[in-house]
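> This is the structure I have questions about; it appears just below.
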Amino acid sequence: MSKFNRMHLIVLDSVGIGAAPDANNFVNAGVPDGASDTLGHISKTVGLNVPNMAKLGLGNIPREQPLKTVPAESNPTGYATKLEEVSLGKDTMTGHWEIMGLNITEPFDTFWNGFPEEILTQIEEFSGRKVIREANKPYSGTAVIDDFGPRQMETGELIIYTSADPVLQIAAHEDIIPVEELYRICEFARSITLERPALLGRIIARPYVGEPENFTRTSNRRDLAISPFAPTVLDKLNEAGIDTYSVGKISDIFNGEGINHDMGHNKSNNHGVDNLIKAMTSEDFKHGFSFTNLVDFDALYGHRRNPQGYRDCLHEFDERLPEIIAAMKEDDLLMITADHGNDPTYAGTDHTREYIPFLAYSPSFKCSGLIPVGHFADISATIADNFGVEKAMIGESFLDKLV
């Protein structure tokens, strides 16, 4: 019998808690990540008021310098620690895959200066359409269609862009490039980005409609991902007949592997919390695991180096946390963590190599406090231990510490 009948894991995308031991091996605009500290710098520069996460023990997590505006709790209601990454990467897929028990020794490729000419030329030759070279760089998905949508409507050229993650995205106006044609082009792009030097996690079709200054992305998005190279704890749960719920982009990150209930994409963090609560309160979800990604911290504020917006986004989540806790059953476990850092005060615009926070809460807890500093994959091992399934590649369970 499971110690916790249901487990809920929320990833606050990019909410790191201080530079990892190997952070200087990773750079941002030529600056090593060794001084990065997402939560620390937000707390120091613009203030951070997250009383509900503080109650769980966020301010108790060991650091060289305590979080300036998040006090330690003398009697927290949950367990807390920080976790270190072992994989060779600081992107979303690497972080999530390791959290589910894999060690990624060959990092995905990211293209901060845009994709090489060879890839663009191959796509042009396959599609018979030119690629707008000026869009070929990391770009906001809404900004790129605002900037190049009018040109695409005139010329039929492809808008190809990327982000901080290992993705190639193709935006196409549905009246100019039909959705099925866009899908075929994306399938070709997927076929040429399966190995180094262009090993990409996802190819994303981004259809949109409308007129200049009023473009809207449609629900016809399609993600062409690659599956994890080995079974994750999601697969182990699924094979054992245990329900697994995806909220947000989790299903995309794992290419649907090991997911048997997909709550769909989130329009925002708040929408994601709504979807999580909908899953938690469903009569069908009696036993199993839910996995939620809330990406606004990263996508809207981290890459754009906006500490005020990042802070406000954290405040917004913290205000919703009591609703999530209210949806829990007595024998549920809630876990809150991250997948990498993205210090909005740091050099460059890329992710930062950081520890991630880990908070755990259950209404059934008799004790609380700190658990030993561990690794990302310890989360997956704890999930496997709880449900009595085989763990994935790496990770050590701390289930016995949660009492």
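Residue numbers in this text run from 1 along the chain shown.
Any Cβ shown, glycine's included, is placed from N, Cα and C.
Model, not experiment: these values are computed from the prediction.
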> Select one of His173, His351, His375: the residue that Swiss-Prot places in the Mn(2+) 2 site alongside Asp298, His303.
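Checking His173, His351, His375 against Swiss-Prot: the Mn(2+) 2 site match is His351.
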> Of the candidates Asp13, Asp22, which one does Swiss-Prot list alongside Asp339, His340 as binding Mn(2+) 1?
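Mn(2+) 1 site check in Swiss-Prot: besides Asp339, His340, the record includes Asp13 out of Asp13, Asp22.
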> To the nearest Å, how far is the Cα of His340 (Mn(2+) 1 binding site) from the Cα of His351 (Mn(2+) 2 binding site)?
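Answer for this pair: 7 Å between alpha carbons.
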> Which chain neighbours of the Mn(2+) 2 site, leaving out Asp298, His303, His351, have a Cβ atom within 8 Å of the mean position of the site's Cβ atoms?
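Here the nearby residues are Asp13, Ser14, Ala164, Asp165, Ala299, Gly302, His340, Asn342, Thr349, Asp350.
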> Compute the centroid of the Cβ atoms of Asp13, Asp339, His340, then list the same-chain residues not in that set whose Cβ lies within 8 Å of it, in sequence order, for the Mn(2+) 1 site.
Val11, Leu12, Ser14, Val15, Gly16, Thr92, Gly95, His96, Asp298, Ala338, Gly341, Asn342, His351, Ile356
> Could you give the Cα-Cα distance between His351 (Mn(2+) 2 binding site) and Asp13 (Mn(2+) 1 binding site), in whole Å?
10
